[in-house]
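K.L.:
Structure provided below as structure tokens; questions to follow.
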Amino acid sequence: GAASIAGSASAQDALEPNPLEDITSYNNFYEFGTGKEDPMRYADQMEISPWSITVDGLCDNPGEYSLGELTEGLTTEERIYRFRCVEAWSMVVPWNGIELGDVLAKLGPKPEAKFVAFETTVQPENMPGVRRNVIPFPYVEGLRMDEAMHPLAMLATGLYGEPMPKQNGAPIRLVVPWKYGFKSIKSIVRISFVEEQPPATWNIINPNEYGFYSNVNPLHSHPRWSQESERVIGGGLFSSRQPTLMFNGYSEVAPLYEDMDLDVYF
Amino acid sequence: MAVTDTINSTLRKVPAWAIYVAGFLYAAWYFYLGLTGGLGVEPINTLERKYGLTAIQLIIAGLAVTPLRRWANINLMKFRRAIGVTAFFFVLAHFCVWALLDVQTLARVWADILKRPYITIGMGAFLLLIPLAATSNNLSVRKLGPKWRQLHKLVYPAAILAAIHFIWLVKGFPWEPFIYAGIIAVLLALRLVPKKRRQPAPRRATT
């Protein structure tokens, strides 16, 4: 199922993952600062062990889960996904993790749960960006339930076969490859099942620039820059841009948005 | 004021052309770093920001010359032209990296200038600085006379546009662009402080 879907998307252009150095030295993780190299510099201070995830809201199995309890019994697999940042750059990442839908199914969402919300850890003493309040913390994100249950969505716990580096959102993060990178919330400490559309950090900060859905869409430009093309990280000073694909190339998610005007629900 | 005297006499020994050489070497060094991996895995954006930041720093340095002379008794007048021309050089380098290495096609450059307000504003600052760079030679200073001083006040709106351009391009609320905008605002406001009038010389009786 899932693997073959991911496979079909990636088969289009035989994705070549970026080297580990690219993936771990060019990050947006504002808890550690706004510079791309800040997460690499400061994330080692983040406390990730023990790690506990609060599950609450409209579900059958709320409670405090350790990382092991949350992922227990579920299949870990490698998924090589394109990762497209809203800032118009991209890379290819070989994630390791589990299907988000499998985890959510285990937590037993009630029928009234229409959305799932996520929250990132806040550790002021370990996070210089949090102390400077560069954006509101904790960082929060959310998905509509059918988006969250889509087999392409995953919770990643590693990359390149190693445990998730801290700057990439250790120990567990969301990966939603057809959406801009900021939807793929890092270092998750809370999963909530809710009825109403939950708040999402960048959408709160600037709703004109960042919609709740934030699907990769070359036709809907960011007010300050075009989304028609992207620069692949790691190509050097003279690398050329490549065209951005609708849903970041993962066209199998299109049915989720069939009846929606994606210029309104951007 | 022994300290300022020392500063001034030391500065007198530094030739103004040193600014051009230092500016060029600094820009070339960063370009070299970008070529050889020294600016990280995405050198285009880093280089673009580096040149832009240096440009705004030099614009600030140029704007600081007059207040420093007036209130701190530090005389940097002989460097002002070199500071200004080097600032323009970095604005040009910033523009070139953006247009040639970042955006890459002329049609998109043009579309961005028209459609993206922060780019329009940055472009406005660039355009305002062109006549200043073009008239930075001695011949123009002589030919334009008092008009030269008037013309070169275009650096004030250019600095304001540059500050807005910087604030507008960031995500979230980092301090840096606001600090630069604040410094520019102070340096421009200082120019509004009226100069003390010299007492008019007592009239002599004409007998």
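Glycine is treated like the rest: Cβ placed from N, Cα and C.
TrEMBL lists B:14-32, B:52-70, B:82-101, B:113-134, B:154-171, B:177-194 with the feature transmembrane segment. Sequence annotations record features per position, and here TrEMBL assigns domain 'Ferric oxidoreductase' to B:56-162.
A description of the local structural setting of each listed feature is requested, covering burial, neighbours and distances.
P.N.:
Counting residues 6+ beyond its ends, the transmembrane segment (B:82-101) has Cβ neighbours under 8 Å at 16-17, 19-20, 23-24, 27, 44, 47-48, 51-52, 54-55, 58-59, 61-62, 65, 76, 109, 125-126, 129-130, 132-133, 136, 155 in the same chain.
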K.L.:
Would you mind giving the whole-number mean pLDDT across the domain 'Ferric oxidoreductase' (B:56-162)?
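P.N.:
Taking every residue in the domain 'Ferric oxidoreductase' (B:56-162) and averaging pLDDT yields 95.
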K.L.:
Does the structure show the transmembrane segment (B:113-134) and the transmembrane segment (B:154-171) touching, where I'm treating 3 or more Cβ pairs under 8 angstroms (sequence separation 6 or more) as a contact?
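P.N.:
The answer is yes, given that the two segments have at least 3 Cβ pairs within the 8 Å cut-off.
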K.L.:
With DSSP helix as H/G/I and strand as E/B, how many residues of the domain 'Ferric oxidoreductase' (B:56-162) fall in helix, strand and coil?
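P.N.:
Here the numbers are 95 helix, 0 strand, 12 coil.
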K.L.:
Quick test of the contact rule: Cβ under 8 Å, at least six residues beyond the ends. What residues does that give for the transmembrane segment (B:154-171)?
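P.N.:
The answer is 52, 55-56, 59-60, 62-63, 84, 117-119, 121-122, 124-125, 128-129, 131-132, 177-178, 180-181, 184-185, 187-188, 191.
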K.L.:
State the residues, same chain only, that lie 6 or more residues beyond the ends of the transmembrane segment (B:52-70) and have a CB under 8 A from a CB inside it; answer 'none' if no residue qualifies.
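P.N.:
Contacts of the transmembrane segment (B:52-70) (Cβ under 8 Å, skipping residues fewer than 6 from its ends): 23, 26-27, 76-77, 79-80, 83-84, 86-87, 90-91, 93-94, 155, 158-159, 162-163, 166, 180, 183-184, 187-188, 190-191.
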